[in-house]
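Step one of this worksheet: look at the structure below.
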Amino acid sequence: MPNSLPVVAVASLGGTISMTPSDAAGGVVPTLDAAQLARSVPGLSDVATITTASLRQLPSASLRYDDLMEALAWAEQQVAAGAVGVVLTQGTDTLEETAFLLDLFWTLPAPLILTGAMRAPQAAGADGPANLLAAVRVAVHPESVDRGVLVVMNDTAHYARWVSKGDSLAVQAFVSRDGGVAARLVEGGPAFFHARQTRPQPLTRPVRAWPKVALVTAVLGDDGELAELAVKGGYEAVVIAGQGAGHVSFGFAQRIGALAEQVPVVVASRAASGPTACETYGYVGAEIDLVRRGAHMAGWLSALKARLLVAALVASGVAPGALGEALANWSTLARR
Ligand code: GLU
């Protein structure tokens, strides 16, 4: 039979999905490459013709911006060469960040899928092979086109914008708390719950070195000294994971006013879900006061994602004055 299967390009970046035991390290470390991962998946060659590349072998906490921009360029090349979709395998610890960062720059209709594993390959019930198979099934499906970057884990597809790691070790680790999951994998293919929505305009590629953007959590009894120290130490922007709907103490609010005269300051929520408010609370340290002092509110973006967006906007050469509008494109939902 002639091979008329669609081509899916798979690249490995490391993570638990690729880890095997090391006596020297005393635990599992990344060793397997994409070709080895693909070979371990029963039935994969019935779904697509797989091409593979090994881009990195890293624990995902050690992935850097440049690693991801290289993976992005590689993924674009694979689509230009005929792949219907691209799958990147990586560690799950930073998956909610890397997926969002790649989504900011992904311009193509073809799906870019990220997956990983919570259990290493030698563990009973290892989930890597099933996740890779599910990712490839999503990659070849026509309904996956034009949805940007998706994370596929545990037979569920998540949008990059909403996904977060909700559990440190459980196999069911990923959640999409506010927007909901994109699709469930049912009987061999993704069942998408909603029609595709217009995506925000992707960012232009970085034109300068990536800035250091601090992420500071507002905590009880805290007046924001860390945020001030970060700016003194050369950080070019600050994201604050504020209390509740984006709130800080009186003292922290004063500091935000002073800092916002020097660098972009964005206030997100430290809660696990929900947006920042914009017109509800009027006290010192709440959203109306913080915006008056020059801060931007992160809307629906988690603090982790807001930090990446600010870094990417600055790297892409967006002027400080245009930052608010650019942030709003990615962080707000249309309201009636
Ligand atoms: N739990 C992580 C994983 O699933 C640990 C390693 C990493 O993030 O690279 O891959």
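Every residue gets a Cβ built from N, Cα and C, even glycine.
Caution: TrEMBL annotation is automatic and unverified by curators.
Taken from TrEMBL, the feature active site, O-isoaspartyl threonine intermediate covers THR16. Sequence annotations record features per position, and here TrEMBL assigns substrate binding site to SER60, THR92, ASP93. The domain 'L-asparaginase N-terminal' annotation in TrEMBL covers 8-190. The domain 'Asparaginase/glutaminase C-terminal' annotation in TrEMBL covers 212-320.
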Shell list (substrate; ref centroid = CB of SER60, THR92, ASP93; cutoff 8 A): GLY15, THR16, PRO59, ALA61, GLN90, GLY91, THR94, LEU95, GLY116, LYS165
Distance from the residue listed as 'active site, O-isoaspartyl threonine intermediate' back to SER60 (substrate binding site), taken between C-alpha atoms, in Å: 9
Tally of DSSP helical, extended and coil residues in the domain 'Asparaginase/glutaminase C-terminal' (212-320): 39 helix, 20 strand, 50 coil
CB within-chain contacts under 8 A for the residue listed as 'active site, O-isoaspartyl threonine intermediate', separation at least 6: VAL28, GLY91, THR92, GLY116, ALA117, MET118, ARG119, ALA120, GLY128
Cβ-Cβ distance under 8 Å to ASP93 (substrate binding site), same chain, at least six residues away: GLY15, PRO59, SER60, ALA61, LYS165
For SER60 (substrate binding site), the number of other Cβ atoms found within 10 Å of its own Cβ: 21
Site extent for substrate, whole Å (max Cα pair distance, SER60, THR92, ASP93): 7
